[in-house]
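As written in Swiss-Prot, here are the features:
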| type | residues | note |
| --- | --- | --- |
| DOMAIN | 10-200 | domain 'RNase H type-2' |
| BINDING | D16, E17, D108 | divalent metal cation binding site |
Amino acid sequence: MLLPYLNKDLIEAGCDEAGRGCLAGSVYAAAVILPVDFKNELLNDSKQLTEHQRYALREIVEREALAWAVGVVTPEEIDEINILNASFLAMHRAVDQLKIRPQHLLIDGNRFKKYQDLPHTTVVKGDGKYLSIAAASILAKTYRDDYMNELHKEYPFYDWNSNKGYPTKKHRAAIREHGTTPYHRMTFNLLGTDPQLEIPF
């Protein structure tokens, strides 16, 4: 069972992103404030769940959270400010939209750019440790998956309904054959041939 909070006396928002390592598409982030007594034994890191479980849990989170929101940063913005800053910006945009102002942010990962005057704590593999971060990971993942499924209808060659924009062999083969789209991140190592273009984390 994941932990319900880091500090019971503060309004905490868990934050996570999806799509950082993709070659195409926006990066999504979510922020979620759960009730302190929220319990769900299935809720875990979205990568550990089936697609069906993720969407079922999304409904529960949206229904039972005190507040939740999703932030998006486009491929053009990613190319302009780099993917790490874009991930932070997506989280900031999600927090911006929360109908309740949190007093503390729980961030998945080991780095974060401070949001206004709010204190934050970074938690490595936080989506497997805290309920609010796990909930945010599910919202970010499912909303981004919905977006990539829509893009797939426009550009079916790239298999985005399956790979969601990640660098699979089929995705890179399609880039070689058909070129790039307006949704590809042009600063990324799209063909996997130039290691100097990889962005270090």
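Quick reminder: no glycine exception, Cβ is built from N, Cα and C everywhere.
Model confidence over the domain 'RNase H type-2' (10-200) is summarised by a mean pLDDT of 95.
Around D108 (divalent metal cation binding site), taking its Cβ as the centre, 28 other Cβ atoms fall within 10 Å, counting all chains.
Surrounding the centroid of the Cβ atoms of D16, E17, D108, where the record places divalent metal cation, the chain contributes additional residues within 8 Å, namely C15, A18, A29, A30, S87, M91, I107, G109, G126, D127, I133, A136, S137, A140.
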